[in-house]
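Okay, so here's the structure we're looking at.
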Amino acid sequence: MNIREWPAEERPREKLLQRGAGSLTDTELLAVFLGSGVRGRNVVELSRGLLVKFGSLRRLLEADREAFVGELGLGPVRYSQLQALLEIGRRHLATSIERESAMDSPAAVRRYLKAMLRHEASEVFGCLFLDTKHRPLAFEILFRGTIDRASVYPREVVRRALVHNAAALILCHNHPSGISEPSQDDVHLTLSLKRGLALIDVRVLDHIIIGDGEPLSMVEHGWIVA
């Protein structure tokens with residue numbers, strides 16, 4: 001059935017306008033984004049099929065370009081639109097952290113860092129720079145690729161800390177494998193960075209690792225001491 005023949009309250013776009021985006025299912029949200037279906041499948045049927053194919057909305061959103069554009073009903077235009085939409089969301093989240101108030105809990109920090117890194121298909125390393133009251137100054141991704149002592153340069157982390165006049169920082173990186181437990185390289189890298197930053201009186205408060213589940217705090221698990 002053509003979606004235009006549905007009752008108005010059941011059409012995804014009208015439902016969103018009447019009840020808000022939070023009332024929509026993943027299928028309906030994707031249908032609103034796609035806008036139209038393909039021959040023989042309305043947009044809701046297309047959306048449902050895509051979610052089945054990719055396994056979840058998250059996996060669809062995190063799919064690489066080749067996998068995304070190869071699906072019927074998708075393509076480079078929709079891929080670029082989706083990437084722009086995701087980046088808008090990330091930037092909105094970043095700017096929503098008010099500099100005037102410190103992050104109110106370690107859990108809030110972990111949620112923020114997970115939102116900033118979980119979409120990355122490859123390994124990345126970043127820093128959340130903080131002032132003397134542990135209020136956020138800036139978040140930056142500094143390195144991409146395999147994260148180990150050979151690819152993360154302490155002098156660059158020190159330089160960025162000086163640029164932001166940071167008094168403390170929180171290190172973070174993701175594990176695309178989904179496993180959050182730190183490797184020996186992760187531990188050694190963290191200790192090396194702590195020593196380097198101590199020379200300019202900048203404290204490393206934690207190193208957060210982002211995987212599929214809850215973000216892991218190396219301090220809370222005893223791998224390092226703040």
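Yeah, the Cβs are placed from backbone N, Cα and C, and that goes for glycine too.
Over in Swiss-Prot, the protein carries these features:
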type: DOMAIN; residues: 102-224; note: domain 'MPN'
type: MOTIF; residues: 173-186; note: motif 'JAMM motif'
type: BINDING; residues: H173, H175, D186; note: Zn(2+) binding site
* Asked: Residues with Cβ closer than 8 Å to the Cβ of H175 (Zn(2+) binding site), same chain and 6+ apart in sequence?
  -> E123, I209, I210, G211
* For each of the binding-site residues (H173, D186), count the other CB atoms lying within 10 A of its CB, then report the residue with the highest count. => H173
* Asked: What is the three-state DSSP composition of the domain 'MPN' (102-224), stated as helix, strand and coil residue counts?
  -> 37 helix, 33 strand, 53 coil
